[in-house]
Amino acid sequence: MVRVMATGVFDILHPGHVLFLREARKLGDELVVVVARDSTVERLKHKPIMNEDIRRFMVESLKPVDRAVLGHKDDMYKTVEDVRPDIIVLGYDQKFDEKEIEEECRKRGIKVKVVRLKKYGDSDLNGTRKIIFKIVDRVDDLYAKDRNS
């Protein structure tokens, strides 16, 4: 059985996330998704809109996903040690170096192949920031009726 591991924030689920997870699932028999902890997201990106438990629940509810787990708070490789994947899948925009991941895993006794997926689609809803900006741009239109009531 080939176990695939994918990782991400998954703050506001969008079509890009679904496509990423579908493609990751095709690479093996089981897909385990690691959802970044709130503290990790705040340190590396921004304060998440959805908390880690909600994000994990949402991801685990997706059809391609067999299991979703929260990442380790201090050491991402501890999660890799727990999951023991055969393949780690990276999205086109994830800022990790494939060779560095493979080397660190090798040092920890884990033989893993790291695969970076290509960009898929170019929808204006294929990114959390794009969705947030679209909502902000349209908030007046969306709630104008409520304000006038």
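Including glycine, each Cβ sits where the backbone N, Cα and C put it.
Pulled from Swiss-Prot:
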- VAL9, PHE10, HIS14, PRO15, GLY16, HIS17, ASP93, TYR120: ATP binding site (BINDING)
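Counting neighbouring Cβ atoms within 10 Å of each of the binding-site residues (PRO15, GLY16), the lowest count belongs to PRO15.
The binding-site residues considered are HIS14, HIS17; of these, HIS14 has the fewest other C-beta atoms within 10 angstroms of its C-beta.
Secondary structure at PHE10 (ATP binding site), taken from DSSP and collapsed to helix, strand or coil, is coil. Neighbours of VAL9 (ATP binding site), defined as other CB atoms within 10 A of its CB across all chains, total 22.
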